[in-house]
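Colleague: Right, I'll just put the structure down here and ask away after.
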Amino acid sequence: MYFDKDNSMSPRPLLPSDEQKLNINLLTKKEKFSHLDPHYDAKATPQRSTSNRNVGDLLLEKRTAKPMIQKALTNTDNFIEMYHNQQRKNLDDDTIKEVMINDENGKTVASTNDGRYDNDYDNNDINDQKTLDNIAGSPHMEKNRNKVKIEHDSSSQKPIAKESSKAQKNIIKKGIKDFKFGSVIGDGAYSTVMLATSIDTKKRYAAKVLNKEYLIRQKKVKYVSIEKTALQKLNNSPSVVRLFSTFQDESSLYFLLEYAPNGDFLSLMKKYGSLDETCARYYAAQIIDAIDYLHSNGIIHRDIKPENILLDGEMKIKLTDFGTAKLLNPTNNSVSKPEYDLSTRSKSFVGTAEYVSPELLNDSFTDYRCDIWAFGCILFQMIAGKPPFKATNEYLTFQKVMKVQYAFTPGFPLIIRDLVKKILVKNLDRRLTISQIKEHHFFKDLNFKDGSVWSKTPPEIKPYKINAKSMQAMPSGSDRKLVKKSVNTLGKSHLVTQRSASSPSVEETTHSTLYNNNTHASTESEISIKKRPTDERTAQILENARKGINNRKNQPGKRTPSGAASAALAASAALTKKTMQSYPTSSSKSSRSSSPATTSRPGTYKRTSSTESKPFAKSPPLSASVLSSKVPMPPYTPPMSPPMTPYDTYQMTPPYTTKQQDYSDTAIAAPKPCISKQNVKNSTDSPLMNKQDIQWSFYLKNINEHVLRTEKLDFVTTNYDILEKKMLKLNGSLLDPQLFGKPRHTFLSQVARSGGEVTGFRNDPTMTAYSKTEDTYYSKNIIDLQLLEDDYRIEGGDLSELLTNRSGEGYKCNQNSSPMKDDDKSESNNKGSSVFSGKIKKLFHPTSAAETLSSSDEKTKYYKRTIVMTSFGRFLVFAKRRQPNPVTNLKYELEYDINLRQQGTKIKELIIPLEMGTNHIVVIQTPYKSFLLSTDKKTTSKLFTVLKKILNSNTNKIEKELLQRNQKVIERRTSSSGRAIPKDLPTSKSPSPKPRTHSQSPSISKHNSFSESINSAKSNRSSRIFETFINAKEQNSKKHAAPVPLTSKLVNGLPKRQVTVGLGLNTGTNFKNSSAKSKRS
């Protein structure tokens, strides 16, 4: 079919020649009108032929039997009024308001037939295209509900404005041709914001350009219609960006918005890093008041962030980007004062990761309180300069938001800190409402009802600096108004009334009009809430709590734990009682000592029963049942005890003791720090055997020994000298495992006792004074490698590869490449003029770790082995055979049996720099050999956990050995007459030292490190003196210095009598004289 010039349909079909003629005519008309005045109306120009339109659209329109009307390239329904100066003076504000864009036709764009917003609708492309047409405005002038009607004069072809009243107004409509588009000032998810300047008035606007094809393809038409509806609804507010006009062309849709020349709020914070308290108060008040205005008009923004807060020419905030807003339906039929239910939930996942609320992530819903959460995040960012929930990616950010995991920066103002802590709350019912935020002490000098937050001059922008005023705490009683008024009610408690808006011309009207006291209503009404009836379970818990309080009042002398802890302790006591009944063979004393609640490492001070007397007392470790139950832990959890070593296996008795105060039923407090005469039974020593115990029962000593863990890993045995050389070349070190907790000796004492090497055995007292044979530490069985499986028989490589975590191939390549480098070195050494020769070349061209280690002569191979750790402190190393052993009928052959509980055996973790490689190596050190275990990170952590259990379960056994050893050393010392007896070691046979001016701790007498380090040689004297000094500094309380004698009592500069001075020295002239004096005495 063919369309004539008068838009009448012709039955003749459309021919290709017709299309060519129409295109030629179109170009001719375009050239003809290109030189005309730009104010010439677009409707007066000849229209483009409708034969160039989509054929599918034509067929669809034919079915609907609608008259085919040509559509202009630029729609001019929504316009910017352009008055002459004389006409503007004669028009009042109401008349200007009448001809503005505020047409009611746009307000129902996103609504359905029943008038409800935000509902799903058909996403058909044709419906989307019609929706876009409606957003830009209908082409039918007579359908508009404006009071101004536009008609065309056939003679002049210029628009004439006719009003239903007698007054007439000359209005010039503007389209896309009337603006000059400049640079891009913003970019959104599906739009681009450009600077548009009016050609006539030179006034600048922000033109938001949206691609219609993209909107239809990505199903974003709904968001565009919501944004226009929200902007039209809030168009008269100073806190929201104004929408002046909407128009379109064939490819794009245009929103002509208010231009904010000072950019967004995020750029301001990035420029200054942070904002001081005055600026934060000024902008926070405007933001929270703008959010209140949105909620009072039934709009939830749902994407409030600094990027969506603009700054106008007066440095006041403007909210923008309402594409993801939630439009609430009014609950009443009142047009003047509609009410909205803010508790309406939405399940749409919208927002930005750093500002999204936790209820959306945890419970997949959100309501009006998501805007309050975002406000709290922005307030935090104003001071800290970064959002409270920030991570490297969105997933980690969401994890922090879900857990409400954030930390205040140092020097954060205490008043703002209090406000942020009450806003960023996971529980919605405990989160502050807008009315409570406005009543907070932070906004005490502001009045939100008279609009003064918008009329005040903005303060000077300055970054935040800590000062004495910011560190002032919240005044007492200032937050009484913030007592929660329970916002968890539904229905009327969330009904808000629409707040009145001011005139669109903010400059010509006062701010008090916007916030009229008669029409203003707070977002959350303060309504008293009826108490919910308590259920039976809650009533029973409350009754038990009352009974417990009454019992404690009746028994003032007996203190019992309260709250959830008492319930957990009662459960622990019941469990202990049940265990005692199931095993009647054990005595009551042993059962009490075996309880995890009563077992505590010696030296731990008792927790006082009164928290007021010692508020900083450390809490002792709780029982296993308490830890397993969901009970809040105490504010301080003591570190785990470190492994037992020859220097710290024996716990020092503190110089002061406190009287023990028992709790009821269970002993939470640690026992007195004295040596127990009862054998402490380990929790792992259970009489019941498990599956692993039965499998390895041939190698277990008795039924009480149990298998704690089995693992297959790389195993290597080496001497300490070899290991030390390889570690020195790798800059590695052996340290106490981090899982064992804080070591009880300082780094200085480690250096002193190891002769300058932290991990060595040089000058170790255990090796010089009281050495043991190799069999006491481990036993070794010879195995035939030919009988083993291939995995256990084939060597894995050298120890160097194990330390640097290098594969065999890579290591061989390094070995093959090393001769080439040696040749190069020899050639460079022959050149005498070469600058990089000898040591200088080694300095600038260091060799790799594998090359350095491969140059050593010692080769130590590692193999695959299976290790078994038992509750008796045994570390068994097995090799797997191809055929079962004919004697034992087992496929595993025992190679090493290491005693982990033997004094002198240490558990270490080998650490090397990252550039040398990565490994996870456990080292078991003995004075003779070192055993290295290599596995992955997860298994290494589990191994250290089991090793810690083993070491901590043998405290009393080591204490007994130390006492016996001390007694033997004392006997040996007293039998020799020519050997000096240190005064720090008390014994019944040794002469008592002369009285000192300060109290001496008895702890030194029980430590064997000094007694074992005694040597008759004079060369060892300095090491003994330094050892005594280290032990005294670590274990004893602070001693008072001895008084300096008077000069009259000095003989040749020395006192007449022996006076003990620092470092364990006395004033005797030499060691022999002191011993001689002791004989005479």
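Backbone N, Cα and C atoms are what each Cβ position is placed from, and that goes for glycine too.
Note that the structure is a prediction, hence the values are computed from the model and not measured.
Per Swiss-Prot, active site, proton acceptor is recorded for Asp303. Residues or ranges marked as compositional bias 'Basic and acidic residues' by Swiss-Prot: 527-538. What Swiss-Prot lists as compositional bias 'Pro residues' is 632-645. Swiss-Prot lists 210-255 with the feature region 'PIF-pocket'. Look at Swiss-Prot and you will find 494-652, 805-833, 970-1017 tagged as region 'Disordered'.
Tell me about the setting of these features in this model.
Modeller: In sequence order, Asp321, Gly323, Thr324, Ala325, Val350, Gly351, Thr352, Tyr355, Ala374 constitute the residues six or more apart from Asp303 (active site, proton acceptor) in its chain with CB-CB distances below 8 Å.
Sorting each residue of the region 'PIF-pocket' (210-255) by its DSSP state yields 19 helix, 13 strand, 14 coil.
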Colleague: Please work out the mean pLDDT for the residues of the region 'PIF-pocket' (210-255).
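Modeller: That stretch averages a pLDDT of 90.
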Colleague: DSSP three-state call for Asp303 (active site, proton acceptor): helix, strand or coil?
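Modeller: Reduced to three states, the DSSP call for Asp303 (active site, proton acceptor) is coil.
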